[in-house]
Amino acid sequence: MKTKMMMKNTSLIFVLLFITFFFTSISYSLSLTFNGDLSDNEVRLITQRQLLYFRDEFGDRGENVDVDPSLVFENPRLRNAYIALQAWKQAILSDPNNFTTNWIGSDVCSYTGVYCAPALDNRRIRTVAGIDLNHADIAGYLPQELGLLTDLALFHINSNRFCGTVPHRFNRLKLLFELDLSNNRFAGIFPTVVLQLPSLKFLDLRFNEFEGPVPRELFSKDLDAIFINHNRFRFELPDNLGDSPVSVIVVANNHFHGCIPTSLGDMRNLEEIIFMENGFNSCLPSQIGRLKNVTVFDFSFNELVGSLPASIGGMVSMEQLNVAHNRFSGKIPATICQLPRLENFTFSYNFFTGEPPVCLGLPGFDDRRNCLPARPAQRSPGQCAAFSSLPPVDCGSFGCGRSTRPPVVVPSPPTTPSPGGSPPSPSISPSPPITVPSPPTTPSPGGSPPSPSIVPSPPSTTPSPGSPPTSPTTPTPGGSPPSSPTTPTPGGSPPSSPTTPTPGGSPPSSPTTPSPGGSPPSPSISPSPPITVPSPPSTPTSPGSPPSPSSPTPSSPIPSPPTPSTPPTPISPGQNSPPIIPSPPFTGPSPPSSPSPPLPPVIPSPPIVGPTPSSPPPSTPTPVYSPPPPSTGYPPPPPFTGYSPPSPPPPPPPTFSPSPSIPPPPPQTYSPFPPPPPPPPQTYYPPQPSPSQPPQSPIYGTPPPSPIPYLPSPPQFASPPPPAPYYYSSPQPPPPPHYSLPPPTPTYHYISPPPPPTPIHSPPPQSHPPCIEYSPPPPPTVHYNPPPPPSPAHYSPPPSPPVYYYNSPPPPPAVHYSPPPPPVIHHSQPPPPPIYEGPLPPIPGISYASPPPPPFY
């Protein structure tokens, strides 16, 4: 009985306590409601908390910006710009270099990194036409208010720590011509909002964390350059790839697999293509023989099978060909080695059984780890016998042709090209990519119309990733494109150190010399009357992608995205950026040579990966093509990669002659290690025996990369961004593409983000810290001593990466560029191991100037 009584009493006590607590809470809440006891600090704290989680209808973050009534603005557009920039300033969590310190007051045109110019539709009023915060090491996110910058033509924020997604209200930026978000920490699926930008020509999303499939509309859009390498994109490429009018496309270091679309042969304007470091597992389509303008062709480090199509002999502009680390077999067609401009042919780590003698006379070639009789460093007889015992490969079984669905009334899939995108190639309905196995020979002829004359096709001289034999045998991807220096990137601005540009002050970087003939973009672009928006000429900062530590060093470099001819951005007052040189669009595809179907090779057995060429870097760097900035007017930074030019003469400069100070780059050989930064547009010289002589580091202007001759001596790298240092020489960027800029768009002398000052290059950790984290500590300087090249005729170790000087938009002081001594081709002797202090390795072979500096991880 006592126990029962105690239990009842206990239950009663709990009930009474609950009732007491309930009524106490209600009374306290009522007292707060009626008496308003919250202090101002408490109210402010609650407001900030609410704003932190505020989202618009798209889920984008916004900020609460109050405009002081006492502020006076020249016009409503500058008032909107004030709201947008103040919201962005609130969204910045860390600004270690004080780029946004002077973002105060109504004079937004004096803000650091902000450039104004006359509006296209009303020349009597000023508006914000360009933003350049490259290499600022800023952490934060992009608020939705940036959609208020409706007159913006250039938006460059590479090499920062921005995270999150791209705001949906970016679709209001109807005049945006160049978008460079590279080397940040953006994540999520492909930012489809960029497909709604009608004037967009240059898209650079490299070195982020984007994932998922790539939308078909991307290849139906009228772009000139696509750089999506070093992300996490997956799945197969859409079969309408050939509809794209781009001159440069880099999808390296992702997770693509499946077929190489046969429509690839329809890309009539294509000059550089880098598909390395993926998982493509089909045959090379014979239709690639139609690509008459391609200078750099890199499909290394995939799982491609079959034989090399004899139609490759029709790619008459080819300079760099890299198919290493695949499962190719059969005999190499003699027509390939007889290409008139071929400087480097790398086909190591395959299962080829025949090699024509003419290939041995190429300036640079690598045939190691094959099954070639009477050649050194081949696979073991057991490996070759095991591979030859496999059944032959039937290339038709992959079903890599375009979807052959009959023109039923089936509505085209929602993958219709986004506004402004180039129409899909004719005769092919934009039906979802069906994997109907059509013979690869069925590429639809209707390649997407070439992008307007503004297409800054990188000079054909860009070296292919293949490295010349002179350098060590390691097939590191660092081969830099040997593009002749004649392609000074238009408006390439000298790379200025990442120091925050003082408002209105031009960065200390040497003045960017306008690329020869640099003219404002031709009016072919949709923008209304050109506004002279002074955007800093974006010289190709080392676009080199940070080396992926785990990936084997591919012999071919990844081309850094050449910044398309900067849209005519209004010239910022006082800025002496070199005029952007519109490179003439490349001629349409020459009549496609009849593609010969690749011989069915034996079924590819997993390639036996021989030891990667002696690449010194512990982590195999993925070759990245870094667009060298225009050499004009800037002291060339020493090329980070010792890309010794092959014996053949340097490719003739495209329509542009390189700045007088730069001699034409001789064909360069790939050095085993990819240098992190792209070499400046300077003539590249074969590495001289003495390693002590480093080439001078050129200053990069972010926008269009000018051809960079390779200096053998190791340059110092300025930024630390890439994860694992790559040892690989990036080829010189091709001559500056001749861009016809959008007609009315303002001529921006846009200095695209120059590479950061010589920061110490430490491989960035794979995982990015939370976007909120403050500026990361500077990476430790790492001195890599690449081993000397093993045998001549192989990769020569790249020279130390060049020191990049980032040039902020204002005209940098004139820098005296002393050209390095004429290239001495020492095939056997590699340049001294470069000291890798810079950021991500450049993507060799790309003549584009928009350089995403390596991210600071």
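Heads up, the Cβ atoms here are built off N, Cα and C, so glycines get one too.
Among the features that Swiss-Prot reports, compositional bias 'Pro residues' is placed at 408-571 (among others).
Residues annotated as compositional bias 'Pro residues' in Swiss-Prot: 579-768 (among others).
Classification of Asn98 (N-linked glycosylation site) by DSSP places it in coil, neither helical nor stranded. Taken from Swiss-Prot, the feature N-linked glycosylation site applies to Asn98 (among others), supported by sequence analysis.
According to its DSSP assignment, Asn293 (N-linked glycosylation site) is coil. Residues or ranges marked as N-linked glycosylation site in Swiss-Prot: Asn293 (among others).
Of all Cβ atoms in the protein chains displayed, 37 besides its own lie within 10 Å of the Cβ of Asn344 (N-linked glycosylation site). Annotated N-linked glycosylation site per Swiss-Prot: Asn344 (among others), in sequence order, evidence recorded as sequence analysis.
Residues or ranges marked as region 'Disordered' in Swiss-Prot: 406-776 (among others).
The region 'Contains the Ser-Pro(4) repeats' feature in Swiss-Prot is assigned to 615-857.
Residues or ranges marked as region 'Disordered' by Swiss-Prot: 817-839 (among others).
Taken from Swiss-Prot, the feature repeat 'LRR 1' applies to 32-53.
Annotated repeat 'LRR 2' per Swiss-Prot: 125-149, in sequence order.
Summarising the annotation, Swiss-Prot assigns repeat 'LRR 3' to 150-172.
The repeat 'LRR 4' annotation in Swiss-Prot covers 174-197.
Swiss-Prot lists 198-221 with the feature repeat 'LRR 5'.
As a summary of secondary structure, the repeat 'LRR 6' (223-244) carries 3 helix, 7 strand, 12 coil according to DSSP. Residues or ranges marked as repeat 'LRR 6' in Swiss-Prot: 223-244.
The repeat 'LRR 7' annotation in Swiss-Prot covers 246-267.
Residues annotated as repeat 'LRR 8' in Swiss-Prot: 268-291.
Residue density at Asn98 (N-linked glycosylation site): 12 other Cβ atoms are found within 10 A of its Cβ, drawing on all protein chains shown. In the repeat 'LRR 5' (198-221), helix, strand and coil residues by DSSP number 4 helix, 7 strand, 13 coil. DSSP assigns Asn344 (N-linked glycosylation site) to a strand. The number of other Cβ atoms within 10 Å of the Cβ belonging to Asn293 (N-linked glycosylation site), over all protein chains shown, comes to 24.
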